[in-house]
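Here is the structure we will look at, set down as structure tokens.
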Amino acid sequence: MLLSLKAATVRFGGRAVLDAVDLDVAEHETVCVLGPSGSGKSTLLRAVAGLQPLDEGQVVLGGRAMDSVPPHKRGVGLMFQDHQLFPQRDVGGNVAFGLRMHGASRSEQEGRVRELLDLVGLPGAARRAVASLSGGEQQRVALARALAPRPRLLMLDEPLGQLDRSLRERLVVELRELFTELGTTVLAVTHDQGEAFALADRVVVMRAGRIAQSGTPLEVWRQPADEFVARFLGFDNVVGATVAGEAADTPWGKVPVPEGSPQGPGTLLVRPAGVRLADATEGLRCTVAARTFRGTHVAVHLQPEDDAPRLEAACALRDAPEPGETVGVAFDVADIVVLGGASGA
């Protein structure tokens with residue numbers, strides 16, 4: 001492993017903001033740490049960089065404990081959310097900053113700056129003023145600066161957080177391709193699920209200073225570990241349930257569950273795609289409370305007639321019923337997950 005955190009703990013005022021975290025990052029792997037504000041993800045990044053001392057535990061990088069190694073000698077690159085470019089230096093001066101700190105010659109600096117600006121899509125921009133750059137261009141310059149000294153680990157703190165949505169979506173694809181091409185090992189933190197799932201080989205979801213779940217994007221999306229992870233990923237159709245065989249008793253009535261699901265009391269997730277609309281005479285009777293256009297589909301918000309928790313269904317625009325209509329609901333077992341942990345619903 002290139003990076004290992006072993007029982008890493010950080011306390012602020014007696015409260016553990018990083019609580020005995022164990023995490024490994026393999027060479028050439030991109031890991032995104034995902035979580036709400038206050039979950040400990042940025043503290044984790046700062047601890048690896050050496051900017052935040054651990055109260056307990058250890059950071060091991062390249063097989064060496066980092067206990068007494070200062071930040072500038074850890075061989076890591078760090079890119080902050082606000083980019084922190086030097087306004088008094090031009091683009092080339094910003095990109096070359098780390099190279100100068102490492103004693104590179106002028107010719108080495110110039111060659112590396114040209115190489116990286118080409119790589120991040122800004123050829124010939126070395127003499128441009130930082131003030132003339134767009135937000136996306138500033139992000140590219142900050143990335144080039146972080147990559148310039150060839151860090152063994154690149155760390156990104158909300159790398160696309162200040163950019164508009166369309167630019168974020170485009171750049172996250174470019175970042176993924178760039179890291180794959182360079183073989184860069186990346187540890188990134190973000191609160192944006194879409195960004196993490198598009199960028200990462202592995203997603204780590206944090207809650208209250210601990211790791212709630214770790215897995216590939218597909219694993220985490222298909223099988224959230226518990227109600228917290230499911231709701232954080234944006235799933236709202238989550239209720240307490242009692243599973244017996246291949247069905248569960250829920251506030252929505254009997255709901256089918258996948259074969260092999262954990263039995264007894266638990267928590268049930270129904271993805272919106274698994275809420276199938278039918279004639280009002282069939283299944284669970286609901287009233288359409290609202291519709292929300294989501295681009296690729298319409299989210300239909302349903303209120304069951306017996307005051308059970310609301311449901312969200314995903315429908316094609318041409319099939320979406322109007323608010324006020326009464327519909328029936330059936331459930332598709334392919335989009336149902338029995339979650340771990342007790343229900344908070």
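Here the Cβ of each residue, glycine as well, is placed from N, Cα and C on the backbone.
For reference, Swiss-Prot has these:
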type	residues	note
BINDING	GLY35, PRO36, SER37, GLY38, SER39, GLY40, LYS41, SER42	ATP binding site
DOMAIN	3-233	domain 'ABC transporter'
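Taking Cβ-Cβ distances under 8 Å and a sequence separation of 6 or more, the neighbours of GLY35 (ATP binding site) in its chain are LYS41, VAL189, HIS191, VAL205, MET206, ARG207, ALA212, PHE232.
In sequence order, ASP157, VAL189 are the residues near SER42 (ATP binding site), counting only same-chain partners six or more apart with C-beta under 8 A. Look at the binding-site residues PRO36, SER37, SER39, GLY40 and count other Cβ atoms within 10 Å of each Cβ; SER37 has the fewest. Those same-chain residues not listed among GLY35, PRO36, SER37, GLY38, SER39, GLY40, LYS41, SER42 yet with C-beta within 8 angstroms of the centroid of the ATP site C-beta atoms are HIS191, MET206. The C-beta environment of GLY38 (ATP binding site), restricted to residues of the same chain at least 6 apart in sequence and closer than 8 Å, consists of VAL17, ALA208.
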